[in-house]
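Novice: My questions all concern the structure below.
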């Protein structure tokens with residue numbers, strides 16, 4: 001794709017001489033038709049939709065022509081920072097975060113007030129799967145229907161988009177071309193996954209061991225809810241461990257300050273909620289730790305995707321316990337391979353090789369448990385070799401159990 005001289009100057013300044021696979025694929029179709037782009041985290045999806053969009057904006061027209069909807073403030077700030085850099089190479093390009101502005105490009109959250117304008121020709125939803133969650137899908141539908149009055153071209157992007165979500169989009173926006181460069185959506189080739197096994201329930205001892213092991217690297221710790229986040233930050237404070245944090249209940253300025261520190265390499269340890277797992281580029285961070293597992297399985301992929309961006313390696317750790325065993329097994333069933341890690345008596349990490357890997361039994365379903373109980377109930381009267389027959393029946397039951405449901409990837 002041939003870009004304008006302004007964009008070419010920006011690319012030259014940033015020494016971008018080669019485009020990623022998702023960018024090359026998107027440039028052929030966008031913004032000439034509706035598209036859905038699916039590619040792994042850190043693959044360059046933002047530039048994939050943003051550069052062609054900027055090429056089509058009429059900078060002599062002082063009104064909104066394109067809208068980018070994002071799910072979090074942090075992703076909004078990141079895109080604004082990128083646009084601030086690009087604007088230096090344009091004479092009259094304007095952008096804003098509010099529809100009250102006459103800016104040519106609006107970067108907005110879905111829950112902010114948005115106004116319909118007939119001049120909007122391009123609408124992008126970044127991290128679209130978050131808009132399709134139960135809490136926000138109705139608002140998303142209303143937004144799409146409103147902007148469809150102007151007959152714009154739509155673009156939807158995410159690293160994880162499954163069949164049911166894909167059908168929702170295609171039902172609302174017809175003639176949509178799917179670009180799927182991430183068929184194995186649960187697997188990132190540059191992320192190594194680890195399970196930390198503890199002899200006690202004290203996860204904090206495991207966290208301290210990880211911080212010690214990666215003391216020369218920058219680390220993100222994810223928490224699935226406000227309660228666990230506050231508990232962890234209190235533990236870190238009590239142990240005089242320096243950290244920054246980003247989560248929903250912080251003030252706007254606190255979130256903005258810590259976000260700026262993290263993106264400018266001013267923080268060694270960052271504790272965040274899952275709000276921070278989407279689309280954020282942190283070039284200096286290489287380790288992700290899940291203090292607990294997210295409620296939605298796919299969020300784990302987005303957590304681990306904060307590292308291993310643009311061809312750099314990353315590590316993702318989680319802690320094993322009885323409570324998250326079933327969630328862990330779901331991730332394993334999706335094809336994610338975990339290396340087991342144990343904690344030595346002196347508080348160091350021991351990475352287990354394939355020969356001495358710990359094994360974790362997959363949990364039985366409620367139906368399987370009922371069937372096993374029924375098998376055992378048959379043998380109330382003791383007969384010769386009854387234990388052998390009983391064991392064989394149970395083994396046959398487990399061998400013939402249904403495979404876990406797999407998502408259809410596109």
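Cβ atoms here come from the backbone N, Cα and C positions, even for glycine.
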Novice: According to Swiss-Prot, which of these ranges is motif 'DEID box': 122-125, 126-129, 130-133, 134-137?
Specialist: 126-129
Novice: In DSSP terms, helix, strand or coil for residue 40 (ATP binding site)?
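Specialist: For residue 40 (ATP binding site) - judged by DSSP and reduced to three states - the answer is coil.
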Novice: Give the residue from the binding-site residues 42, 44 that has the most other Cβ atoms within 10 Å of its Cβ, counting over every protein chain displayed.
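Specialist: When each Cβ's neighbours within 10 Å are tallied, 42 tops the list.
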Novice: Taking the Cβ of residue 39 (ATP binding site) as centre, how many other Cβ atoms lie within 10 Å?
Specialist: 23
Novice: Work through the binding-site residues one by one (41, 43, 46) and point out the residue whose CB has the fewest other CB atoms within 10 angstroms.
Specialist: 46
